[in-house]
Amino acid sequence: MPELPEVETIRRLLGPQLTGKRIAAVRFGAKRVTMHPGPAGVRRQLLGAAISKMGRRGKYLVFRLSNGRDLVLHLGMSGQVRRFGNVPMQPHEHMRLEFSDGETISFVDARRFGRVCVTDVGAVPRAIRGMARMGLEPVEKGYSAAYLGERLSGRRARVKTLLLDQRVACGVGNIYSDEALHRARIRPDRRAGSLKSPEVSRLAAALGDVLTDGIRWCGTTMRDGGYRLVDGGAGSFQDRLRVYGREGERCRRRGCKGVVRRQRLGGRSAHFCPVCQR
DNA sequence: CGCATATCCTGACTGC
DNA sequence: TGCAGTCAGGATATGC
């Protein structure tokens, strides 16, 4: 479940380690993973290029290359960027970049919801249509109560469901949407259009705050270990979650005696405190 | 268009 | 202990 804070953590780790390095070899695993324009094309466009900058857009990791192209990586649910070194290809390892100085970096993804795409710099990857429609990130300047309000007003869908829409809250996924709604004291099953102006303001602020905190604590590594740092280490935001994954446990808001509940919403689980979230 | 639902995938977990 | 069944969810496709 790599969301914005997890991908940003990876970006920050990789930047100093990879910037300036030249790709000397590209290896692929045996299993198919969504890749544009296919393994041969990806290899051709990557070979010989240097990493000029590590970027990120929403949940997408963007390797800017010296040859005028971007390598765009989405980690899906279980994707990881890992360093294995010069060893045989590992289980679920789909792509390994070998740099001219011997450094390596690998894309690993057991569930294969992730995707790899090479495009011209700044172009919208054909294989990733949603990227063209992504909105502002809650941590960006310009993400305001007015901006969020525009996207929620008149909508009958549950607010939680809309927060998962990358046009509404780019970079937010299931964990951080639950945490933001808790901080804003709004129930996830509220109809988006029913939110009053102070609630929209609280939510816009909470979204930014929770993503910023997630980055500060290097992301959330749940028990399934789906998200890992490049060296295999864990983030630590899981210790600070207030509702996500805490069904049946006490609400973490000071003075609140509520017990966290879980509710199925749009095929996703929403965690919330029925006492302090209205 | 908006909204709900199904789909992909496999490791971890649950219950018998 | 082993095995079948269920769950997890990001993005997208499909149906109404």
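A Cβ is built for glycine as well, from the same backbone N, Cα and C atoms used for every other residue.
Automatic prediction, not curation, is the source of TrEMBL annotations.
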Legend entry - Of A:Arg111, A:Arg133, A:Arg167, residue recorded by TrEMBL at the DNA site of A:His92, A:Arg155: A:Arg111
Legend entry - Neighbouring active-site residues, C-alpha within 10 angstroms of A:His92 (DNA binding site) - of A:Pro2, A:Glu3, A:Lys59, A:Arg268: none
Legend entry - Spatial neighbour of A:Pro2 (active site, schiff-base intermediate with DNA) that is closest, considering only the recorded positions A:Lys59, A:Arg111, A:Arg155 and their CA atoms: A:Lys59
Inset, instruction - Express the distance between the Cα positions of A:Arg268 (active site, proton donor) and A:Glu3 (active site, proton donor) as a whole number of Å. - result: 15
